[in-house]
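To start, the structure itself, in structure tokens.
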Amino acid sequence: MNELKTKSKKIHPFLVAIFPILIIYSQNIGRVEIEEVFLPVIIIVGPTIGLYYFLKSILKNENKSAVIVTLILIMLFSYGHIYYLLNDVMIGEFDIGRNRYLIPAFGLLLGIGIFLTIKIKTALDNATTILNVVSVVIILVAVGNVGLVLADTASGGSGKYDGNIMQELFYDRIDFSSYFEPHEFSLSEEKPPDVYYLIVDEYGRNDALLEYNNFDNSEFTNFLTQKGFHVAKNSFSNYPTSMQSITSTMNMRYINFLSDEVGEKARNYKPLNEKTYGLLPNNQVIKNFKDMGYKMINFNTFSTHQHELPLADLGLCNRGVNLLDNKLFDTISRTTIFGYFVERLWEDEMRKTIMCVFEEFSSVEENFEEPVFVWAHMNLPHGPYIFGPNGEPITPGTPLLLTANPEHRVSGWDEKQQYIQQVQFSNKMMKKIVNEILSKEKPAIIIFQSDHGTAWDVNWFEPSKDDVWERLKIFNAIYFPDEEKRKMLEDDRTAVNTFRIVFNSYFGSNYEMLEDKMYWGWNAKPYYFEEVTSYLLEK
């Protein structure tokens with residue numbers, strides 16, 4: 001009985017192992033499904049238990065074994081946070097926030113800690129008690145943080161599910177079909193055009209590139225114009241984040257109804273991205289093309305399998321499933337001492353995928369006799385900045401965990417220069433795509449479009465007019481094979497009407513053009529929409 005009581009006191013290693021999982025989950029409720037918690041728990045807590053019993057068998061001392069395991073966990077999981085804190089911190093000309101310095105320093109501290117723990121003559125009962133109390137407190141903090149986030153989503157609002165915490169954690173599908181009406185189409189041409197849609201993420205409009213990045217992009221847009229493209233001079237995104245913007249474009253309607261259906265304080269992304277029923281994977285544009293006999297070709301351009309579309313007839317550039325597909329484990333791993341190696345692995349995967357798309361995009365129609373709709377969302381020129389202007393590999397100067405999140409960007413290396421280099425690389429590859437597609441006999445519609453612009457110094461929660469202007473100016477270039485039909489393309493159009501124009505021009509539909517409106521929001525609350533149309537009209 002006494003032995004069991006003694007063993008029960010050694011709880012701190014296991015609580016410390018659970019803490020980073022809970023705290024990171026609390027910061028990503030909605031974007032990370034609760035089921036994703038279990039894999040990190042198994043991967044982290046399992047080895048923690050094994051290491052504890054391994055050390056216990058060698059040291060013959062439970063307290064010392066537990067303290068050593070806790071030391072290892074603290075060093076392991078605090079490394080990334082110290083690295084981010086010290087990133088670009090200079091002492092004279094010495095950059096102390098470098099892995100080459102921090103890893104040896106952490107290793108030395110850990111070695112000293114383990115050595116002193118083994119050599120100390122006391123039983124470490126007091127240390128065990130203190131560590132137990134501290135570990136319980138930090139777990140309560142993490143659980144409390146989860147509770148605060150859930151309480152925020154449950155307070156106020158007018159959505160049908162506002163106040164329903166269980167709906168936030170375990171989303172129960174809502175039927176949105178009543179918001180979409182069927183349309184009739186007619187294929188009058190013998191050879192319906194293939195349709196190529198390439199989303200270039202965070203690619204700003206020409207005037208935005210010049211104003212906010214000091215880059216003249218006219219050489220590329222002049223090339224497109226000479227090839228017959230209409231490059232919109234005054235085009236805007238309807239929403240400021242990728243998921244909102246692309247979902248709206250691909251469903252040809254505003255998604256503000258989600259505020260009423262789900263709740264403007266809700267964080268759960270399943271209504272948008274769940275593969276079997278989410279509005280993006282099961283969008284109206286793809287359904288329309290499928291109804292007309294088109295084959296749908298999708299490029300899975302994100303390493304977390306984010307864009308595996310269930311309606312696709314062919315998915316290309318896929319990679320094998322691995323542990324980093326679990327978004328929670330991926331984030332946790334980047335904050336550890338192994339984060340550097342995880343990020344290099346992720347960069348390599350991303351480069352391969354992007355190059356695969358550029359190599360395959362213009363030739364995929366050869367897989368089918370039927371007309372095709374080709375869809376790809378490229379994480380270019382958006383960070384992380386892993387390409388030079390000619391496609392040469394670049395290692396980002398700031399952690400991917402930071403540069404990939406526009407709400408948490410930091411200053412440091414010249415990100416704007418690296419962004420422009422990725423614009424230049426994107427331009428080079430889009431030229432290649434245009435030349436290859438237009439060299440074929442079969443008519444084709446080509447759409448190059450951004451989901452949103454840049455956000456260098458944007459205040460997401462209280463945006464200025466200039467913030468809105470920078471973020472919502474988008475690159476938007478469309479090629480119609482019929483010169484007469486190009487006249488339907490206008491400079492003052494927003495993304496929500498893109499495919500309404502395509503279907504009306506080539507497929508005999510009668511979609512009404514929606515009034516152009518623009519909204520603001522941010523990633524943490526995907527169903528909060530604040531209209532900012534007047535900001536853009538006043539500029």
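Cβ atoms are placed via backbone N, Cα and C, with glycine included.
What TrEMBL records for this protein:
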type	residues	note
TRANSMEM	12-31	transmembrane segment
TRANSMEM	37-55	transmembrane segment
TRANSMEM	67-86	transmembrane segment
TRANSMEM	101-118	transmembrane segment
TRANSMEM	130-151	transmembrane segment
DOMAIN	195-469	domain 'Sulfatase N-terminal'
Taking only the residues in the domain 'Sulfatase N-terminal' (195-469), give me the average pLDDT of this model.
87
Under a Cβ pair cut-off of under 8 Å, which of the recorded stretches 12-31, 37-55, 101-118, 130-151 contacts the transmembrane segment (67-86) most often?
101-118
Residues from the same chain, set at least six apart from the ends of the transmembrane segment (130-151), whose C-beta lies under 8 A from its own:
9, 11-12, 15-16, 18-19, 22-23, 25-27, 29, 66-67, 70, 165, 168-169, 267
